[in-house]
């Protein structure tokens, strides 16, 4: 028995090196074959990533373009361009351009809402106001290059009035009806600072008009232009300081009430998740803004013909109808955010847009006209300046409590109807070149 046990141990010891060498050979062979196995995997992973990107792109197009029912109006945009070159009927071009811009404006508000998931309410409201005002700025520069200073002034003034009365009023009214069982609140600090900036803008517009109509200029016709250019530079500095104060210096002051208030787990569960990625939202914002700007150009070209065909004053079209089209993006997004009880973003869109136009776009047009050699000034005539002053006071009183309801929204809408009726019977004493 012992001899047999020793023989088994010897045989086992002799088989160990053989098995170990065989294992090392297998391991070496695996190392040798590894590069040839990895290359098909990398190829497959590249194809998978490419397929995933295509699926993501198609899904983004479906969500932004096809999913919304209002996008059935999208064909009216190309149809308006076609009518512009084929028939030349300005009234139809004006009407179809209005219909074509409407779904684009709604989608612009949707893309901005998706972007606010990644940026927050303060930056999101600023972005929405900026993209919404891109149309007004392009229209203004286009008209300014053609020497149509009165169209520039009246359209920008109408944008401020539309945002402060119609857009904010519809947002307050819609949000108050949906959330009638509670009082909607917003950050008073944002409203107070914006009201102060709007009053500063009124001061910048008031002094050149008073200087002109009281005939107290040192050099008639030149002093108001020099004062306008100086005030415009000061207003641009003030707006840049406001942006630094809002985004960098005191960002906590502008945090939304929903973030500081009773934001428990129930509210967190009700929050929606973004449907598209951050870069997709940015890309859609750029595409939609460009397309809206293109249609707005055809809209401006059809204004004079539409005024003659519809027998409407140019001042009414410039101050009332044109800003309604230009502010369609703010209008749709502000109502959308108010209905979702996000009033801080609503104020950032409506009041922030008015602040941006009065403190940035108008002074910017004056400075650009200065370099172009165009006599663009801040003299908006006494009637328009008085209308803006009263509007700023009314809205400032509405916002001082930091609360919103449907009655406040209704009052703002009715105030806008009074303003619209006033401009319908108002005869502009100045020509475009004045």
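Heads up, the Cβ atoms here are built off N, Cα and C, so glycines get one too.
Among the ranges 156-179, 252-275, the one that TrEMBL lists as transmembrane segment is 156-179.
Residues 113, 116, 121-122, 124-126, 128-130, 132-133, 136-137, 140-141, 144-145, 149, 152, 156, 159-160, 163-164, 167-168, 171, 175, 186-187, 190-191, 194-195, 197-198, 200-202, 204-205, 228-229, 231-233, 235-236, 238-239, 242, 256, 327, 330, 333-334, 337-338, 378, 395, 399 of the same chain lie 6 or more positions beyond the ends of the transmembrane segment (345-372) yet place their CB under 8 Å from a CB of it. The stretch in 60-85, 312-338, 378-399, 406-427 that contributes the largest number of Cβ pairs under 8 Å to the transmembrane segment (281-300) is 60-85. Ranked by the number of CB pairs under 8 Å to the transmembrane segment (312-338), the listed stretches 60-85, 378-399, 406-427 are led by 406-427.
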